[in-house]
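First the structure, in the form of structure tokens, and then the observations on it.
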Amino acid sequence: MLEVERGRMEEGLGHLRRALESAPETGDYWQSFAEGLLLAGRAQDAASVIEQAMAAGLRTQAAIELQMRIQAQILAGSGQSHERDRILERLAMGRFSEAEDLARQFSAREPGDAFGWKVLGTLLVRSERIDEAISVLQRARTLDPQDGETLNSLARAHQSLGAMAEAVDLYRAALTRQPESAEIWNNLGMALKELGRLDGALVSVDQALKLHPGYVKAHNNRGALLAESGRLDEALECFERALAIDSEHTGSYKGRGAVLLRLGRMDEAILSYLQALTLQPNDVDGLTTLGVALNDMGRFEEASDCFERALAVDPQSVAAYSNRGMSMFRLGHLDLAMAYYDQALAIQPSAIEPLNNRAILLHHLGRMDEALASVDKSLAEKPDFAMALNNRANVLKDLARFDEAIADYRRAIAIKPDFSIAYSNLLFVLNYHPAKSAEDIFSAYQDYDRRYGEPHRGSWRSHRNDPDPQRRLRIGYVSADFRGHSAYYFLKPLFAQHDKSLVELTAYSQVMREDHITAELREHVDHWVSTLGMSDEALAERIRADRIDILVDLAGHTGGNRLGVFARRPAPVSVSWMGYGYTTGLKSIDYFLTDSVMAPAGSEHLFAEAPWRLDAPSIAYRPSDDMGMVGSLPALDRGFITFGTLSRSVRINDRVIRVWSIILNQVGGSRLVIDSKDFVTPSAQAAMAARFAAHGIGPDRLDIGYHSPPWDLLRSMDIALDCFPHNSGTTLIESLYMGVPFVTLADRPSVGRIGSMMLVGAGHGEWIAENENDYVGKAVALANDLERLAEIRATLREELDSGPLRDEVGFARRVEQAYRQMWGRWCTSESDPDADAVDETDRH
């Protein structure tokens, strides 16, 4: 300290800093260092040091008095005025309202003194009275243009108004006066962050920390910047460092929770959010953030409770209403969900999140026009809202407006290149496009791999699984559909019939809302792992730790898929099967489990994986228990043929409508039933009827609507019609089981050959058409032979029950044999690194 008092600042401060570093638990060293900085004219540095000391528990009367002197130096320079001392005393005690009153009185008596205006303006910024603050601070600036604190407060005021460019200019001007102010450097960094200039923001915050290594806010802000840049591990270190300095810094607990959430460390994330709320129980943002995390984990009731608490504190919280609506949506309380979205929009009609969430709900309800209107309002407010563009495309897809949907998906991906969900949705809709070639579609899958697969290849690691070709295999199944879903009718036979002496099963479940089907499937596996909230990296590590030998994707590009995990190649062998019906596009997946009907010889170039062909069919089916008896042929009683489809609207394209209209015109008096959830509203029904009207089919020949379950509806049909180029799925085999034959067109591998595979499995390949004319001919021929239709009606279920589609045990053995052969190839490659894992000329 003596060196400082003699004017030898740097040398003296160096001694004081080293003394503090040698014994940081000594309060006198903290106080001496702060005193030295104050004497050296570095009041801001002194303030930071004394704050750090107090945060560490070194709160003495001497430290409090020193802090008051430092504040006096910062805000007034001299601090000699009695009135100034009174103002500064109130500030030091946190009595801001009294300080504001005194500052107003001071400024009224001394209008030419910048001090009063500066203090008043700073307090107005603190209480978010921004317009008045700017006016007052401009007056202070006019009186003292060189005052860095005035410029800093003025910059903060502009920043709170969203005028970031002006704020940056003011912060830079302040730094020309106070280049060693850590606070101003930190504030500049946050303004640059809002402008999207993350690199510059990080440089500024780093400068703040260089000046004051113990600056908690700067550590917290550095963590936020690194998190936004995707540098999650470094971000976590920053938040931990901030909390080591100040264990009661709420923002750092929330920041740490957000990073842990993204790292898939869900339990730790929730704990961090709870620690923040322990410090600030009524923090609306903290309650809402915790609720969102719980929503992501599928803990919807707990999430709803968080939003309810937030609304008790702030009944005008748009975010709490919107997110509580999402909780209700996930719980199936759709009326409540709509009510919460509407409440959010009553408070703020232009709020983009509730507008977007409301559109999702309306889409789910089949109210397509309203869904489009809601999402369009969201996009009018924020044209680059990638999530809204994705959801708009989802609606357009179900309206069969494919080109518009594709354009919106591509816009969303251009705005947010890591938006893999939007790219999966793009691939999904391309499969349905009636005018795209198979090669054109596959090229988009290759692009998906370049974007989301290739970046992980450099981090692939070898596997330590025991390369014994004969041992019991650990099989992992990954799906979001272990629930009441059509996938159940194909998963149940395999899960139930697996030979547990040969395979050990683990289900990796992305199910958001479990049900009795979930419980039923859980009984058939050895291990059940909920993957909700787990990042791709965390789940990949879990799969590695579980030593899974063969990892099976059951989702493809459908909702809830975990293809990001498969891109990391966490198991020696990986397979895709059933849930999607076509390639994933990922070269990291070894095999696509199929058959020679769905993926005929010569189609290998349309798959990223090697097609592994089972004897057809590549599924086994277990019907629902409540389907009831088949019944007699309806046409015999009615005197006319009833065609029907239970397909989703996305499959009923203009080509399909044209061909079906030809059939109706050629079969006199015939009618067509079109029934699915997409046609629940009168507007959707009218829109579909209008498309048929363009081909001369009146509404009197159409029965468009939605019935669930559809068993009585199937009993009312004589012949089912499949869609193309993307076939229907489960509803086709349900038709067969109810005695209703269907006509299909063998189209693009492999989603255009699902119907063909089922008919081959049923022993009725004669109902497979090779082109549209053939399709019409087969449908008309069936319709004109009532005797044959009646015979089919009486025998079809029995044929299925005795055939390969219902041979659960035989199918399970074929799958297990395939797994064993795949595993054997990997074992061979481990013992002979030069052996080809998959030979292009020897694909099954």
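Each Cβ is built from the backbone N, Cα and C atoms, and glycine gets one as well.
What TrEMBL says about a protein is an automatic prediction, not a curated fact.
Straight from TrEMBL, the features:
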type	residues	note
DOMAIN	459-609	domain 'O-GlcNAc transferase C-terminal'
DOMAIN	642-804	domain 'O-GlcNAc transferase C-terminal'
REPEAT	114-147	repeat 'TPR'
REPEAT	148-181	repeat 'TPR'
REPEAT	182-215	repeat 'TPR'
REPEAT	216-249	repeat 'TPR'
REPEAT	250-283	repeat 'TPR'
REPEAT	284-317	repeat 'TPR'
REPEAT	318-351	repeat 'TPR'
REPEAT	386-419	repeat 'TPR'
Q: Six or more residues out from either end of the repeat 'TPR' (318-351), which same-chain residues have a Cβ under 8 Å from its Cβ atoms?
A: 284, 287-288, 291-292, 295, 298, 300-301, 303-304, 307-308, 310-311, 357-358, 360-361, 364-365, 377, 381, 512-513
Q) By DSSP, what is the split of the repeat 'TPR' (386-419) into helix, strand and coil residues? A) 27 helix, 0 strand, 7 coil
Q. Which bits of the chain, at least 6 residues beyond where the repeat 'TPR' (114-147) starts or stops, bring a Cβ under 8 A of a Cβ in it?
A. 75-77, 84, 87, 91, 96, 99-100, 103-104, 106-107, 153-154, 156-158, 160-161, 177
**Q.** Beyond the flanks of the repeat 'TPR' (182-215) by 6 or more, those residues with Cβ under 8 Å of it
**A.** 44-45, 48-49, 52, 148, 152, 155-156, 159, 162, 164-165, 167-168, 171-172, 174-175, 221-222, 224-226, 228-229, 245
Q. Going by DSSP, how much of the repeat 'TPR' (250-283) is helix, how much is strand and how much is coil, in residues?
A. 27 helix, 0 strand, 7 coil
